[in-house]
């Protein structure tokens, strides 16, 4: 062995490496520099398909989580109901009494037994009746907090799928624990915990289901997620019909969450948009190749995903397609005037919409017929509004449709507040309420799509979480508006609907606009428009 070879072997690796790159390394670098950078929307439109079989199956599987949210939210209607009562066989009581509070203790009994609901088992009647509304309001308050927490976590390290997995597992656990509550305050605690996880369920599922969908189909897909929410409520009616006691109902309603985690989640992919902004370009490209293959499309090897702010950059950042993760938070949304103004409007509009939607729903369920049938019919009645808004969403745009549906609901609520008296006027108020729900159900669905498109990927779930929190605040307030009675609730709902429509005017139209990845990319693109408001 020569002396020069011996010395070369004893040198450190970085000193033995040639100063001039090898032919293979040079070819690799040259190949990367020649790769065509495209945004997610461009890749879906040109190479993978906007809405093929992959997106359809992924959308359906993911959106089943909305059914879980419907079940865990509306279970209070059955579990916290006031059961029917009857006179005891060995005592005298007045059957014409309007309430059991007017009867002598021990002269009556619950028809289905004390275990039929929390009201009968925990004695939430008469002076304790306020506790029913209290636990429901605390549930929605916890939903508000959960939406913000999981909105942030799904934008950061946990991702969309990771956050959805956690909230579904928590729903199943807390649902079962609620069933073994020994007293009212233990029951309230577990309902608060259930609300915390439920608040993030629909939020994470919505973003995960719609982000892989191309621009031309995104609106219709987003509007269709609420069908699953209504399906969940209708399914809950069937479950409650067969499980008449509140404890068995909570256990039975937790089983769908377990099924979803075990049987459906393994077939759901992480959002490629989230992978992209987190610097996991390799993982995002693997998903996009699967999308293209499943849709019968071909994704060329020389095409690579890039952030919208990088597409026009001809200089390669590195010789690897792995990028530094981009982090975004609510502070970033508030820091930029453009997104700060949008967030303020989105929060207020979602709050006003929620007050009307939940308030009118509470007024509409008291039809004096079978409770299980009432809840199922109310769930089914919202579907035509979802269908109609989905059909015209891409024709008229998000902004005009949001204004129109809110004003439609507001006008009929105003008419309901003016319709006073009995007889035929009762029917008029009922029709006004149904039409008000019809309009606001369409708005409620539309606002998820609209709010999602107003913010870039890096902060989308954080911003959408704030909007969802505002909706939960509206849900908390709605029952207090309803108890005012008379024409006041309709008047409040009319005010919320009309004012909400006026505020939408100051939001930009997002129809046929790309989903931006970064704050810089959105700011640069929006700066080229004549106005950021219209």
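Sequential numbering from 1, following the chain as shown.
Cβ coordinates come from backbone N, Cα and C, glycine included.
In TrEMBL, annotation is done automatically, which means it is predicted and not curated.
What you see is a predicted model, and the numbers here were worked out from it, not measured in a lab.
Looking at 341-360, 461-480, the range annotated in TrEMBL as transmembrane segment turns out to be 341-360.
Looking at 112-131, 132-151, 272-291, the range tied to transmembrane segment in TrEMBL is 132-151. Within its own chain, the transmembrane segment (372-393) has Cβ neighbours under 8 Å at 70, 74, 77-78, 219-220, 223-224, 226-227, 230-231, 233-234, 236-238, 240-241, 361, 364-365, 401, 405, 434, 437-439, 441-442, 445-446, 449, counting only residues six or more beyond its boundaries. Remark: the transmembrane segment (488-507) contacts the transmembrane segment (400-421), by the rule of 3 or more CB pairs under 8 A. Segment contact holds for the transmembrane segment (341-360) and the transmembrane segment (427-450), given three or more CB pairs below 8 angstroms at sequence separation of 6 or more.
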